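Annotated features, as they stand in TrEMBL:
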- Ser159: active site, charge relay system (ACT_SITE)
- Asp285: active site, charge relay system (ACT_SITE)
- His314: active site, charge relay system (ACT_SITE)
- 79-320: domain 'AB hydrolase-1' (DOMAIN)
Amino acid sequence: YHCVASKCRSLHGRYLATPWLASPHLQTLFLGIHGRPPSFTYKRQLYTVRDGGTIALDWLLAFDLEDADEIISKDSSTPLLVVVPGLTSDSDAAYAKHLVHSMARKGWNVVVSNHRGLGGVSITSDCLYNGGWTEDVREVINYLHRKYPKAPMFCVGTSIGANILVKYLGEEGESTPLAGAASICSPWDLVVCDRFISRKLVQRFYDKALAFGLKGYAKLHQPVLARLANWEGIKKSRSIREFDHHATCIVAKYETVDTYYRRCSSASFVGNVSVPLLCISALDDPLCTREAIPWDECRANKNIVLATTQNGGHLAFFQGLTAGKLWWVGAVSEFLCALHDSSYMHQQKGGRTCSAFFTGVVH
């Protein structure tokens, strides 16, 4: 805490939401509709994983903002950030572009690891991603570490991508090559969030909207889904739970939806996280309820900095009169840069890890 989190002004100041976006629903809706992302162009790399699946890696290098035609050297020591998007989101999501552009401006190289089947890429194997599918993140991180062994590597997961990231960190423990990470608006406990999102009328609206997005994802890959899952059930799905029943559980071979949710909830893996990890959640998040935040588990793990805000919605946290910035992007940037400049970066297998601890509320 004294060497890293204490240097982050954002974590000790006040988060003031954009006045005309004071409601969590307005924040979340505005982010989804527009979000005012910065304008830039990614460089795409298609990566094939061991099972034959294809992942789109979208790059923005620090050089790209200088209009220079450069590639990363194998011996580069420039920090590398891997971004894992949320459910049905890809590198074009407004929040992803805010983060990517911010870190590239700091001189970092950034790559968005799109979930298989997203980013305009076809599904090329009999496997889909899901809320607990860590194999793709693991393979991409190991690949990048082998290719750029001297580059300190960090990772940021957002929404369901945050759940995947924290679960991966818990599974890997000391073995991960990541030097640090950040989890933004994670659902934490998929069972609790499933109950929450079906509880009230406004939450059921989000549930239907996300289910609509999942059905759109399925329709893009109908030849594969119709063969692997219950296509008629998918078409009739009106909730995330129904989609998971007809698609996710069948493809991933989970006995029931609740079995899938329990086994894939990152809250169960928090205790084994062995790298410095910043976790940010808004207490008014209309999708990922505060009831699911593993407060005690985070307090018990001295590698974790848990910061919560009263407002912010889901992945939004707009600030300023023009809503031109996302507060959490600045907080993540501060934390990762401070961590990179410290002696607390995680070293793979037996290296020194962060021994600091902080949990707090950003008002």
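Placement of Cβ uses the backbone N, Cα and C atoms for every residue, glycine included.
Bear in mind that TrEMBL entries carry predicted annotations, made automatically and left uncurated.
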Separation of alpha carbons, His314 (active site, charge relay system) and Asp285 (active site, charge relay system) (Å): 5
Alpha-carbon spacing, Ser159 (active site, charge relay system) to His314 (active site, charge relay system), which is rounded to whole Å: 8
C-beta crowding around His314 (active site, charge relay system), within 10 angstroms: 27
Overall pLDDT for the domain 'AB hydrolase-1' (79-320), taken as the rounded mean: 97
Ser159 (active site, charge relay system): tally of other CB atoms within 10 A of its CB: 26
